[in-house]
Amino acid sequence: MKDNVLQQDPIAAIATPLGIGALAIVRMSGQGVLAIAEKVFRKAGSNEDCALSDSPGYRAHFGRLYDGDRLVDEVVLLLFRSPASFTAEDMVEITCHGGPVVVKAVLKLLLDNGCRLAEPGEFTRRAFLNGRIDLTQAEAIGEMIHARSESAYRTAANQMKGALAHKLDALRSRLIESRALLELELDFGEEDVEFQSRDELRARVDELRREVSELVDSYQHGRLMSEGVATVIIGRPNAGKSTLLNALLEEERAIVSHMPGTTRDYIEECFIYHNTMFRLTDTAGLRDAVEEIEHEGIRRSYEKIAEADLILYLMDISEDDFMEEVATIKDIRDEYAGTELLVVANKSDGAPDADQRMQKVGEESGCRVLGISALRQEGLDKLKDEMARLTEGLDKLHEASVLVTSMRHYEALRNAEDALHNARELINTEADTELIAFELRSALDYVGEITGRVINEEVLNTIFDRFCIGK
Ligand code: GDP
């Protein structure tokens, strides 16, 4: 933590969701919040205003809040003294009764007595500015709050603990060291001294690049852990896409979360199976002759396919012309070669020779084919097992190593990787020290941006604006 805590103007906000509950928390942070609490709080069994300013930190006080003579609520005040608080400023948490009207009255009392309503994420922003947490930890708090699956939550918790930050700080120190030696050479200018041999430097840059690349590569897995596996169900109209979607969601009804899609062309819903979250999209049907009116929907479908981690191609195996779909399957396989594709042969209940048919499709298309009956809910466990295979081993991987889960971190690391690549090329071509130093400086800046060692106001705004007020 920084030695000098900056205590900014006092802010207040409701920290718990507005609704009916046993208790709720309203909190304050900043210069003079103890004095504000003192003005409105009377300790139980006393008619005197309470001298909270003399109280030590980490102390709870039971009593009542008053607006003049009017009782507002019976509360517990929890005091934190700078720097031992979340924001590192003086803080007061007021636990009051959990009704929306009560909570708002408590907040209003604080605002009337000198607090300003906090901006979204302002508490966390102050924690960052006072060096209590770095940016990756601040973001992890946001991700943990929004986590919709166990794996997303655990990945965020790991990041909040500072695993990523430590790794990046260690990388940074080594980059600084290499660069400092190069800058020394520059200072000596004409004298043609080398403080580290070019071979040494090359080895260092290679090692750093390898570590950065590992982090970049972990993004694919990290994203699956935190956002879930983006899965699209495609196929001709009437193949049974909606029936399958409903069957998958119905079985997991207890843990289904609804996320209405942004357009009516597709719906997106989530279910969790074996700790992995799947985000399922049922797209508008694919067909060759497209009527104008459907065009937009189908274009969006293709966009969804491009973004997917897993494509479920659903076909009606009971149709006589089932082999005609092989061409489409092959097209999709080639078009989206980097994406996992699973062919699902639906309506196997409607074709006595379904097994032979599936085998034929498998042989012709070169894809794995799985038979189900969405209507009778047969074969769904096998299908889900197969879907989960995608993320198999991710849990173990993630326990052992640091995963990059955020697009922002990923992009910065990609840039750092490029800069290190350039540095390597420059060393090989015996380029000027100045040019090599420049590339190392860029790599350093990119890594520093992730943890917030290099502060970029715009980045800060986008991060903290996503928080809710009170966080
Ligand atoms: P979509 O257009 O691909 O979304 O297809 P739907 O889910 O609307 O299904 C089209 C029709 O096929 C409906 O009448 C379903 O009841 C029927 N259907 C879906 N799955 C099966 C299945 O496994 N077996 C049989 N026999 N009919 C099915």
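Cβ from N, Cα, C; glycine included.
TrEMBL entries are annotated by machine, without manual review.
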Of the candidates Arg27, Arg198, Arg408, which does TrEMBL annotate as part of the (6S)-5-formyl-5,6,7,8-tetrahydrofolate site that also includes Glu93, Arg132, Lys471? Arg27
According to TrEMBL, which stretch among 326-379, 380-433 corresponds to the feature coiled coil? 380-433
Let me make sure I understand the span of the (6S)-5-formyl-5,6,7,8-tetrahydrofolate site: among Arg27, Glu93, Arg132, Lys471, what is the greatest distance between any two Cα atoms, in Å? 18
Ligand 1 is in the model; which of the binding-site residues Arg27, Glu93, Arg132, Lys471 have a C-beta less than 6 angstroms from one of its atoms? none
DSSP output for Lys471 ((6S)-5-formyl-5,6,7,8-tetrahydrofolate binding site) maps to coil
Taking only the CA atoms, the spacing between Arg132 ((6S)-5-formyl-5,6,7,8-tetrahydrofolate binding site) and Asn238 (GTP binding site), expressed in whole angstrom, is 56
Three-state secondary structure of Asn238 (GTP binding site) from DSSP? coil
